[in-house]
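Here the structure is laid out as structure tokens; the discussion comes afterwards.
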Amino acid sequence: MPSSVNRTSRTEPAGHHREFPLSLAAIDELVAEEEAEDARVLHLTANETVLSPRARAVLASPLTSRYLLEHLDMRGPSPARLGNLLLRGLDRIGTIEESATEVCRRLFGARYAEFRCLSGLHAMQTTFAALSRPGDTVMRVATKDGGHFLTELICRSFGRRSCTYVFDDTMTIDLERTREVVEKERPSLLFVDAMNYLFPFPIAELKAIAGDVPLVFDASHTLGLIAGGRFQDPLREGADLLQANTHKTFFGPQKGIILGNDRSLMEELGYTLSTGMVSSQHTASTVALLIALHEMWYDGREYAAQVIDNARRLAGALRDRGVPVVAEERGFTANHMFFVDTRPLGSGPAVIQRLVRAGVSANRAVAFNHLDTIRFGVQEITRRGYDHDDLDEAADLVAAVLLERQEPERIRPRVAELVGRRRTVRYTGDPASAAGPPARERYAPPTAPAGHPARPRWIGVRLTPLPEPVTEAECAGAQRLGRLAGAFPHQIDSSGNVSFTSTDGRLFVTGSGTYIKDLAPGDFVELTGAEGWTLHCRGDGPPSAEAYLHHLLRERVGARYVVHNHCIPGRALETSGALVIPPKEYGSVALAEAVADACQDSQVMYVRRHGLVFWAHSYDECLALIEDVRRITG
């Protein structure tokens, strides 16, 4: 049985002895020591970055304790809504997010942006969950060819099979042999997920092979270069989605991002996130990401060009000093990282140990068909402003360690001296962008136009008891429609709402929090009329948040049956005949009025990021509409 009493650390430096649990003062001391050592290290890892002071400061903001929920399209002004949960919102952060979405359009050519992913792996899991099903096959990059070491495991844990691209001897995908694998394995998703690579991928050619199958490019390593117009341009070259973590060449916090131009794919991803993959998106980290996006907008082109120049220069300088660098004949690299072949230098772990003793941080990586290497990256020292002289000095120090010309401990003070000269973070955005009045003066809540009464966000409800509940016979048709609509594929959940008009002309709608797949007579509330912005209702509890929508459809077109589910029709939408309505806030007057305005033109409507709405004058007509769309959507 494990013991938690009087445990001592096994990782303390010589001369230190601590007992657990630590005192808070001891924790403060350890953090301070770690930070001090970090400031003396030459960071040449390819998978880390340094934040700007502005982005780092917001991580300690009081906002870190506040919730930022849902996608921007669905959040609405404060108070924010998540289903039936209402809470004070962060409207000013929404303004920043709206600006960051525009930045993504300009930097990446992406019409849609999803900032809620907590990490790159979380983005990968979201993509797998949204765009494939258990038993499907996902095509990935094999670990031996530079693929991420967890992709295959995540495929298995999600119940997916996997197959791999075929690479040739030049670290390049063999397109013809890969085509053969695709034709044999028929993957439902092509995922380009490399973590050890030097040159662009043939995205356009892979998309030609993929056809209608989604192609997802994971740019966790090169997102900052892509933002700066370098390396490659995945979305314009044919990738359906671009996803990444945001803390390598992209100089943001440890978060994830998904970008794309296909509305249906992005909405499927958004719904997948909203239905169990994320609640809080970690407010402070999200704001730091939004800041980094703006910094990249201002300085990304200069930064990306300098990163690639520095990577090639440092690789060449090491080669000139006798260090075996991979891919010399191809110019070493086209991105931020390069690889040293450890075979002439000793085992990879031993080489890394020497570097760490000298105060140099890098990664050992087994890649390129099992080649043991040390992976170096220059994105952090580039942001620190290292110039050619600094790179030559760094090459002297690293080569001396790799080639064992000096003991690492003798090199360590020289490394610390070099690092100490370059502490300022560069590429932090246009200084003029910070000018202007403070945010509290710039922000103003939306107001109604002069002379017009303010339209409320939500309809009011006046509830009285229902003398007699709905009978089984009266609601039988609505129950059957609810079961059918609630069982659609790609369904966010089995909630939603249904209304029907009884034979004596009374309008009934499902109550708040009911599930349309298993409705009972007691789940219905009668709508007896409306007065201004208030619905008069009779029932045991409040009606659905969308009750006003049902009231308006009854008033506008005489609808006797209305069914609203939470289905994402995806790409099948184009052939379903549904009229598409832009995203509107759940339960809002704006949503109800948008649907009521559109119902004159169609009996099937899709509210983006929300679900389908059907209306009809009879049960049989509504049943036929639902069955037709269900056949189309699978």
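Each residue's number is its place along the chain shown, starting with 1.
Glycine is no exception: its Cβ is also placed from the backbone N, Cα and C atoms.
Feature region 'Disordered', per Swiss-Prot, maps to range 428-456 of the set 254-282, 428-456. Remark: of the recorded positions His221, His247, Lys248, Arg375, the most isolated position is Arg375 (fewest other Cβ atoms within 10 Å of its Cβ). Looking at Arg375 (pyridoxal 5'-phosphate binding site) and Lys248 (N6-(pyridoxal phosphate)lysine), their Cα atoms lie 14 Å from each other. Listed in sequence order, Leu87, Ser279, Ser280, Thr283 are the same-chain residues at least 6 apart in sequence whose CB falls under 8 Å from the CB of Tyr67 (pyridoxal 5'-phosphate binding site).
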